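The structure that follows is given in the form of C-alpha cells.
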Amino acid sequence: IPRGVKFTETESESARSEDDTASGEHEVQIEGVRVGLEAVELDDGAAVPKEFANPTDDTFMVEDAVEAIGFGKFQWKLSVLTGLAWMADAMEMMILSILAPQLHCEWRLPSWQVALLTSVVFVGMMSSSTLWGNISDQYGRKTGLKISVLWTLYYGILSAFAPVYSWILVLRGLVGFGIGGVPQSVTLYAEFLPMKARAKCILLIEVFWAIGTVFEVVLAVFVMPSLGWRWLLILSAVPLLLFAVLCFWLPESARYDVLSGNQEKAIATLKRIATENGAPMPLGKLIISRQEDRGKMRDLFTPHFRWTTLLLWFIWFSNAFSYYGLVLLTTELFQAGDVCSISSRKKAVEAKCSLACEYLSEEDYMDLLWTTLSEFPGVLVTLWIIDRLGRKKTMALCFVIFSFCSLLLFICVGRNVLTLLLFIARAFISGGFQAAYVYTPEVYPTATRALGLGTCSGMARVGALITPFIAQVMLESSVYLTLAVYSGCCLLAALASCFLPIETKGRGLQESSHREWGQEMVGRGMHGAGVTRSNSGSQE
C-alpha cells in the first residue's frame, strides 16, 4: 500500500510555499508555467498512470489528492473508528438472540411476542435506512453518522430500564431506527480510501462485525448469570459510547464538501490527511464540482443507474434473507441432528405449551460462538478473490456456493458433515454481503452514494424481516421446500450480480451525478480550463 508519492522539487513549488505564507490563501495559481511533476511511483514499484494519480496541469480533484496522499496513519485511525461502529451494530443485533429467550422465561411471554421483539428492530432499521442516507447526502456524512450513533446509544441504554414488555418493544424499535444509520460509516470510510486499498479496507472492517458478535456472546456468558439482561444492555452500549466520543475527531468527507461547494473546508481536510500521513499535497487548484440537488431518490433511477439500483436491491435483499435464514436454520438443524430428523421432531414439539421456556445454557452460548467464527474465513476468502475476479464475479461466486451447500443439505448427512456445510455456507453468504458493501459505495456518485447505500440496506432489512416466516414457519410444513427457497433465491441473486452493468474494480469514485460514469478518469491530461468547465456546476 503506497504511503506517499514523490514529486520533483521545482522553483514553482517553493514559490507556492512563500505565496501561501504571505497570503494565507488555500488556492494556488501557478502564473504562466505548468508545474513539472515526475510520474508517480508507488513504494512497491508498481506504476500508477500519471493522468490518474496526479494531473500534470494546475488543477486537481479530490480523487487525485486521495490517490496521491495514499494510505497511512489517518486511514488506520479511521479504520478502527469505523470498525467500532460495526462492532456496536453487531452487538446490538446479537443481543436479540440472547434477550429473546431470557424475556420469554422471565416475563412469561408467548412465542409471538418473543418473535415481535426481534421483528420490531428490523422494522426500525428498514424504515430509517433511506432516511439516514438522505440526511448524509444532504447535510454531510459526519452529521448523519453522529446523530444516528447518539440516537442508538440513548435508546440502547434506556431500554435497559424498561419496566414492562410494551416499553422494551418501543425502545428496541427506536434502537433499530438508529442502527439503520450505522452503514453510513462505510460511505464516509470509502470516500477517504485510495483505489488500491478500498476493497481490502472495507472488507477488513467487516472483521469487526465478527469480533462484535463474539464479544457479545462472551459478555453474555459472564454478565447474564450474575447481573442479568439489563446490565448486558448497558454494557453492550460501551463501543457505541466510545464511538460517540471519538467521532468528533472525524473530519467531514472532502468529496461531500466539494460537492456542497465548501472548497476551503475540503482543502483543509486533505491537508490534514497529508500531514498525518507524511505525504505531499498535489500542487494547483482544487476543482469545485458543486451540486445542490443531492440525495434525491430520482437520481437512483436515472437511465444510467436504474438497472443497477434494481439489481442491487435484489442482491441486498437476497443477502440478508439468506444470511439471517441460515442463522435461524442452524439452531433448528443442530437440535434435530440432520434434515431428515426435523419433521419427526416437530411433531413432538407441538405438544409442548407455548409458555414453556428454557434459559440459554453454556452449551448454547458456545454454539452461538462457533457459528459466528465462520465469518472470519468468509472475510479472508472474499479478500483474496475480490481484486482478482472483480466485485460482480465475487458476489456471484458467493451466492452459487451458498446455493450448492443448501442443496447438499437435502442429503441425510451426519452431524460433522452438517456442521461443515453450514460453516461453508455461512462463510460465503457473509463474504457475499461484504462484497456488496464494497461495490455499492463505489458504483454510486458522491451526490447519491449515502442514499444508494441506505436504500440497499433498507432492502436488506426487508429480507431479514421475511426470513423468519421461511426458516421457522415454512420449516414446520416442509424442510425441503424451505431449503429450495433459499437455494433458488441465491441462484437468482448470482445471475443478478452477473447482469450488473458496471464493474467497479480499478475505478475511481464518481463525484457528480451530472456526468457519465468514469468521466473523471478520462482526459485528465487535458488543459486545466477544459477540465474545470466540465467538472464545475457553479465554479467560483
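Glycine residues also receive a Cβ, built from the backbone N, Cα and C atoms like all the rest.
Unlike curated records, TrEMBL annotations are generated automatically.
I grabbed these lines from TrEMBL:
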- 1-25: region 'Disordered' (REGION)
- 78-100: transmembrane segment (TRANSMEM)
- 78-505: domain 'Major facilitator superfamily (MFS) profile' (DOMAIN)
- 112-135: transmembrane segment (TRANSMEM)
- 147-168: transmembrane segment (TRANSMEM)
- 174-190: transmembrane segment (TRANSMEM)
- 202-223: transmembrane segment (TRANSMEM)
- 229-250: transmembrane segment (TRANSMEM)
- 304-324: transmembrane segment (TRANSMEM)
- 368-387: transmembrane segment (TRANSMEM)
- 394-411: transmembrane segment (TRANSMEM)
- 417-439: transmembrane segment (TRANSMEM)
- 451-471: transmembrane segment (TRANSMEM)
- 483-502: transmembrane segment (TRANSMEM)
Does the transmembrane segment (304-324) come close to the transmembrane segment (451-471), meaning at least 3 CB pairs under 8 Å for residues 6 or more apart?
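Between the transmembrane segment (451-471) and the transmembrane segment (304-324), contact is present.
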Okay, the transmembrane segment (174-190) and the transmembrane segment (112-135): do they have at least three CB pairs under 8 Å, pairs separated by 6 or more?
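Between the transmembrane segment (174-190) and the transmembrane segment (112-135), which are separate recorded stretches, there is contact, as judged by 3 or more close Cβ pairs.
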Which residues, given as numbers and ranges, are at least 6 beyond the ends of the transmembrane segment (483-502) yet have a Cβ under 8 Å from it?
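Sequence-distant neighbours of the transmembrane segment (483-502): 307-308, 311-312, 314-315, 318-319, 321-322, 325-326, 339, 392-393, 395-397, 399-400, 402-403, 406-407, 409-410, 429, 432, 439, 443, 470, 474, 517.
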Find the member of 147-168, 202-223, 304-324 that has more C-beta pairs under 8 Å to the transmembrane segment (78-100) than any other listed stretch.
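Most Cβ pairs under 8 Å with the transmembrane segment (78-100) come from 202-223.
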When only pairs 6 or more apart in sequence are counted, do the transmembrane segment (229-250) and the transmembrane segment (202-223) reach 3 or more Cβ pairs under 8 Å?
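Answer yes: the transmembrane segment (229-250) meets the transmembrane segment (202-223) with 3 or more Cβ pairs below 8 Å.
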Take a look at 147-168, 174-190, 368-387 and tell me which one has the most Cβ pairs under 8 Å to the transmembrane segment (202-223).
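Per the Cβ count, the answer is 368-387.
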What parts of the chain pack near the transmembrane segment (368-387), using Cβ distances under 8 Å and only residues at least 6 beyond its ends?
94, 97-98, 199-200, 203-204, 206-207, 209-210, 213-214, 217-218, 327, 330, 394, 397-398, 422-424, 426-432, 434-435, 438, 505
Can you give the mean pLDDT for the domain 'Major facilitator superfamily (MFS) profile' (78-505), rounded to a whole number?
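81, rounded to a whole number.
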For the transmembrane segment (174-190), could you work out the same-chain residues 6 or more beyond its ends whose Cβ comes under 8 Å from its Cβ atoms?
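Same-chain residues near the transmembrane segment (174-190) but 6 or more away: 78-79, 81-82, 85-86, 88-89, 92-93, 120-129, 131-133, 135-136, 141-142, 144-145, 147-149, 151-153, 155-156, 159, 198, 201-202, 205, 250, 253, 437, 441-442, 449-450, 453-454, 457-458, 461, 509.
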What residues in the same chain, six or more past the boundaries of the transmembrane segment (304-324), come closer than 8 Å to it by Cβ-Cβ distance?
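For the transmembrane segment (304-324), the sequence-distant neighbours (Cβ-Cβ under 8 Å, at least 6 residues beyond its ends) are 395, 399, 402, 426, 429-430, 432-433, 436, 439-440, 443-444, 448, 452, 455-457, 459-464, 466-468, 470-471, 486, 489-490, 492-493, 496-497, 499-502, 516-517.
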